[in-house]
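*Asks:* In case it's useful when we look at the structure, here is the feature table from Swiss-Prot:
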- 525, 530, 716, 720, 870: Fe cation binding site (BINDING)
- 227-236: compositional bias 'Basic residues' (COMPBIAS)
- 32-158: domain 'PLAT' (DOMAIN)
- 161-870: domain 'Lipoxygenase' (DOMAIN)
- 203-243: region 'Disordered' (REGION)
């Protein structure tokens with residue numbers, strides 16, 4: 001049988017084309033055991049179940065609008081079971097086409113019809129040997145629903161790459177039709193599961209006004225600008241016509257069907273896991289907390305989460321939930337009957353040493369090599385100044401003085417340290433001060449706005465010099481001023497006041513980390529990766545054909561993003577969702593992120609530009625990456641610049657194949673429509689910003705594509721996969737502070753002297769919030785077993801262009817070299833920021849391109865997936 005397929009031709013050599021089709025049945029994604037091979041039900045695809053028609057790329061049919069000639073329908077034949085290239089759940093079939101090349105030309109597209117009652121996932125169709133041309137591959141990677149669900153034919157192009165002007169005339173109408181279908185501008189919704197419509201909407205589905213839990217609409221107004229999300233077309237709420245109605249937890253929010261996981265991916269499981277957490281485990285935790293004192297008393301109490309687990313009481317909701325979830329893996333999350341044992345893995349930051357996180361060295365190291373290493377900036381004026389409007393906030397210049405810091409400057413004056421590029425700041429003061437009156441009026445909240453000054457020592461490490469904690473003060477005249485206190489490092493040891501002051505300093509660092517945790521989750525992570533990326537996904541599908549070179553370049557970096565963002569709107573960032581439950585701004589959180597989006601700049605997302613803007617690097621044409629780091633041992637920047645450079649080289653080489661000059665780019669109608677829509681619609685609330693590239697030069701396109709790839713891959717990896725390893729241990733990165741700093745002469749200060757650990761853990765995130773938040777971080781921080789990493793593609797036949805394939809191979813080789821470089825730097829004892837007191841090496845930007853077996857699955861804290869995937 002295989003010989004006949006591979007030989008490819010029988011009978012009249014020019015009248016028949018043989019090939020094969022690879023698909024996955026719907027229930028292949030619902031199997032209980034991901035390792036199982038599903039072989040039942042294959043026969044349903046044989047006969048007339050699935051039909052295919054070839055479309056000519058070279059000869060037109062004058063009776064069909066001069067479209068490419070369409071061949072007769074061909075049905076699937078043999079089920080080819082023995083080919084080792086098939087992965088779990090895939091089925092491969094033979095197919096024979098009646099097609100005479102002399103009369104019909106070279107096939108360039110194929111029409112596929114599903115005559116079943118259920119959908120299937122079509123991966124590829126391959127023609128083995130087209131006379132005079134060789135093999136032709138059609139890459140689909142698309143769900144095919146029954147033909148009755150569509151108003152149009154499902155058409156797939158060969159894997160040739162074509163600018164609109166180079167598309168064969170016979171195929172151009174099909175290309176235009178496909179984009180029109182995906183835009184769906186004439187379809188208002190509500191969209192159904194099978195729909196493929198990519199349209200925009202504002203964030204108006206986070207609240208539930210009908211239940212008395214509204215949230216402001218984000219996007220579409222100067223006051224609350226926001227990136228757009230994918231439209232669902234759901235009906236408005238009854239009480240607020242501007243708000244979209246919400247779905248129950250077990251219903252899936254609409255995203256275009258091919259954006260929903262079409263692969264055997266842990267993300268399906270993770271999606272269910274999050275829903276299980278929200279709907280079942282959270283109530284169980286709440287019940288547990290109600291039945292116990294509900295507080296941690298010591299670090300030892302917190303360690304029990306990892307060493308022994310917590311026995312949660314059995315509640316009926318858990319058993320009901322267990323029945324409703326399909327996957328066995330999720331059923332295992334929710335055991336039947338008895339107590340539910342919640343046991344979490346030991347976070348990396350305390351695996352080697354349970355106390356090293358408390359050192360100033362580790363606190364400072366995580367600013368450069370932690371989960372939020374993109375906030376630190378060089379201090380250029382002393383004391384630090386606020387940029388808040390003085391008409392509303394008065395003068396909020398920092399109260400840190402030279403006397404506070406000079407003992408830690410290794411003999412230098414403040415000015416000498418500034419002139420030597422040795423003073424740095426993590427400045428969250430302006431980020432939070434405008435919101436603290438509202439935030440601190442919420443129960444169990446006592447949040448400071450913080451500034452942290454750091455000194456770059458001779459050995460390349462940072463030392464914290466001072467922490468300023470500020471609270472807002474509303475004056476009679478309406479002015480909101482700051483009341484600030486400055487804290488400086490205290491040595492451990494001793495008795496009496498000295499011992500207490502060391503704990504005061506530990507609390508000061510905790511208040512800083514509370515600020516940083518929120519900024520990381522809300523801005524560095526959600527806004528600056530997830531939210532800003534979705535408009536690019538939508539615009540690419542609406543305006544760039546799958547045959548367009550830029551579509552082929554960017555597609556891997558969009559995988560799962562819309563689905564994950566929809567899941568976030570449903571369970572994480574919605575009103576009353578896990579984010580509001582566990583992070584201090586609570587109901588104000590997403591509205592705050594809208595205010596910060598006003599200052600977001602696409603141009604600043606390119607890593608070299610970001611580093612220069614923060615003053616931690618300076619332009620340097622002689623440096624390999626055109627910038628020179630002022631903090632030489634800055635793991636995020638060291639690894640990030642190498643990865644950025646590899647991405648930029650790849651984009652440069654790839655795009656040069658299709659755009660030999662700026663004129664070709666300017667004449668590319670699809671590309672120009674794409675960029676116009678990104679700017680004017682997807683990010684329309686900031687369309688007038690002067691930093692937007694005009695997209696008139698190939699250099700602008702290279703930079704834009706490199707930036708999009710960077711955001712979806714490396715930037716997201718840097719802020720996502722270290723969440724549990726660093727913040728899974730609550731005291732290291734708490735999400736809330738509940739009490740003010742104890743002052744000398746108060747009973748709170750005396751309590752700190754008596755039982756400092758108890759005061760510390762009672763000051764930070766309470767037990768209920770902590771367990772829920774940490775449980776979520778564990779889910780979000782895992783790599784899936786079938787992760788596709790930077791420098792890999794899930795479909796080897798993604799293009800027929802040999803030059804593009806060679807450039808991609810070089811890209812992968814560069815990334816593999818970076819892996820070796822990261823390993824070597826982590827072993828270099830002179831690079832003290834790479835590993836630090838916790839003995840936890842920085843590998844978040846280790847590309848993992850060389851891993852073809854899924855070795856980095858789970859909580860590995862290493863690897864850069866192509867896209868924003870949990």
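Every residue gets a Cβ built from N, Cα and C, even glycine.
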*Asks:* Under an 8 Å Cβ to Cβ limit, what residues of the same chain, 6 or more beyond the ends of the region 'Disordered' (203-243), are close to it?
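*Replies:* Long-range Cβ neighbours of the region 'Disordered' (203-243): 187-191, 197, 253-256, 259, 531-532, 534-535, 537-538, 562, 565-566, 569, 573-576, 587, 590-591, 593-594, 597-598, 681-686.
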*Asks:* Please list, in sequence order, every residue of the chain apart from 525, 530, 716, 720, 870 whose Cβ lies within 8 Å of the Cβ centroid of the Fe cation site.
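*Replies:* Close Cβ neighbours, site residues excluded: 526, 529, 564, 719, 780, 868.
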*Asks:* Using a 10 Å radius around each Cβ and all protein chains in view, which of these binding-site residues has the most neighbours: 525, 530, 716?
*Replies:* 716
*Asks:* Please report the DSSP secondary structure of residue 870 (Fe cation binding site), reduced to three states.
*Replies:* coil
*Asks:* With every protein chain in view, what's the tally of Cβ atoms within 10 Å of the Cβ of residue 870 (Fe cation binding site), excluding that atom itself?
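*Replies:* For residue 870 (Fe cation binding site), the count of other Cβ atoms within 10 Å is 23.
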*Asks:* Far apart in sequence but close in space: which same-chain residues, 6 or more away, have a Cβ under 8 Å from residue 720 (Fe cation binding site)?
*Replies:* 525, 529, 780, 781, 868, 870
